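Database features (TrEMBL):
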type	residues	note
TRANSMEM	12-32	transmembrane segment
DOMAIN	27-373	domain 'Cation/H+ exchanger transmembrane'
TRANSMEM	70-89	transmembrane segment
TRANSMEM	101-122	transmembrane segment
TRANSMEM	128-147	transmembrane segment
TRANSMEM	159-178	transmembrane segment
TRANSMEM	184-204	transmembrane segment
TRANSMEM	225-243	transmembrane segment
TRANSMEM	249-267	transmembrane segment
TRANSMEM	274-294	transmembrane segment
TRANSMEM	306-326	transmembrane segment
TRANSMEM	333-356	transmembrane segment
TRANSMEM	362-382	transmembrane segment
Amino acid sequence: MRARLHPGIPVRLTDLGVIALICAAGLLGPALSLATRGLVPAVVGQLLAGVVLGQTGFGVLDTDDAGLQLLYTLGFATLMFTVGMHIPLHDPRVRSSLRRGMLALGVAAPLALAAAAGAHLAGGGPTLIYAVVVVSSSAAVALPVMAENRLHGQTILTSIAWITIADVVATVALPLTINPARAGHAALGALLVAALVALVFVVARHLHRKPLVKHIRKEGKRREWAIDLRLALTVLVTLSFVAQQVGASVLIAGFGTGLVVAAIGGPKRLSREVLGLGQGFLVPLFFVLLGAQLNLRELSGGDDVLLAFLLSAAAIAVHCLTAVALRLPAAAGLLASAQIGVPAAAIALGLAAGTLTQGQASAIFCAALVSIGACSAGAAILSRAQVSASVGVASGA
């Protein structure tokens, strides 16, 4: 495996040396998050580490290497798996708010399409990809931010339902927008993978409470076999392989596997194991390599800088206008504007398919970073309003 310190200056690293470098770079994420007291999610530091080591910076990481590409794909599938697991399918409070959440998406979708068309006219690039990115939300980012700020109430429940639905719909729609000319073929592949996901769910739910299965899981827990994790990873990798063979995206395989686990209600032990494997290794590796693929120097072009600004403004404006239309605080729109999984997928798939240029991918990347900051700001505003309301009630009593 070969790396380059700068054009014309090759640096030889062993395979394990490259992995060690990526693992060390991934630690910048938690370090930056700790330094900012949680205001900056760890994923931002991981992406920035990749930017420094990749095409924008020192050029140390060769992202075209076949071994790194395999780990990159596994990291992508695992990321979408964890995103699917974050969807709160069993929360009855969220289910009761689904109607308003669907209404929110219905309001946001045409606004996002109009904003994406404007971004296309001003900066070029694929309108449909921009629309999906703008309308998307990230449960993986927003839900932990809500928990950290101890947000609650009907506004938050509606926001959770909205974010969940937008996350699911955008994730499913994105692969179809990458290459519109092959959208029919991609849709058939996606339907096949979705059918296999549904089959896995039916079989898993049937076996979930069988005495023999309970005994095997109990023995596995006692002997530390990590049976649930092994089964989940087997399903994840198998569905990802099928997705690649039928021309679909591993995004659907990973997200679908996560939804199955969320729907069945997998043990907390499995969540911890997936967290350990995913967040401890594969997901940071994916984000570092994703950052390494980007060439932010392309943003020196005026069109791409304008595009980054327009996509950032569009995502925030669309979500805030939607919140106001639903008679929610505008801060709820800031909270729902958080994006990471869908933009990361758009960049990964768009660069691989040649649908996005480096400059357009970098613009999407910058817009995603801005959306995370907007989410943190929205949570802080809602938290202060919540505290003020509590103080007012207490003083009135």
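Any Cβ shown, glycine's included, is placed from N, Cα and C.
A TrEMBL annotation is a machine prediction, not a hand-curated record.
Take the transmembrane segment (249-267) and the stretches 70-89, 159-178, 362-382: counting Cβ pairs under 8 Å, 70-89 has the most.
Among the stretches 101-122, 159-178, 184-204, 306-326, 362-382, the one making the largest number of Cβ pairs under 8 Å with the transmembrane segment (274-294) is 362-382.
At the 8 Å Cβ cutoff, the transmembrane segment (225-243) and the transmembrane segment (184-204) share at least 3 close pairs (sequence separation 6 or more) and count as touching. Non-local neighbours of the transmembrane segment (184-204) in the same chain are 172, 175-176, 178, 235, 239, 242-243, 246-249, 252-253, 256-257, 259-260, 263-264; each lies 6+ residues outside the stretch with a CB under 8 Å from one of its CB atoms.
Between the transmembrane segment (101-122) and the transmembrane segment (12-32) there are fewer than 3 Cβ pairs closer than 8 Å, counting only residues 6 or more apart in sequence, so the two stretches are not in contact. Sequence-distant contacts of the transmembrane segment (159-178) (same chain, at least 6 residues past either end, Cβ-Cβ under 8 Å): 80, 83, 87-88, 91, 94, 97-98, 100-102, 104-105, 108, 126, 128-129, 131-133, 135-139, 142-143, 146, 186-187, 190, 248-249, 251-252, 255, 322, 328, 332, 335-336, 338, 341-342, 345-346, 349-350, 353, 355. Here the transmembrane segment (70-89) has Cβ contacts under 8 Å with residues 19, 63, 138-140, 143, 160, 164, 167-168, 171, 232, 236-237, 240, 250-251, 253-263, 266, 271, 274-275, 277-279, 282-287, 289-290, 341, 344-345, 348 of the same chain, all six or more residues outside its ends. With pairs at least 6 apart in sequence, the transmembrane segment (12-32) and the transmembrane segment (362-382) have fewer than 3 Cβ pairs within the 8 Å limit; the two do not touch. Outside the transmembrane segment (306-326), and at least 6 residues removed from its termini, the chain residues within Cβ reach (under 8 Å) are 100, 103-104, 107-108, 111-112, 115-116, 118-119, 122-125, 130, 133-135, 137, 158, 162, 299, 332-334, 336-337, 339, 359-360, 362-364, 366-367, 370-371, 374.
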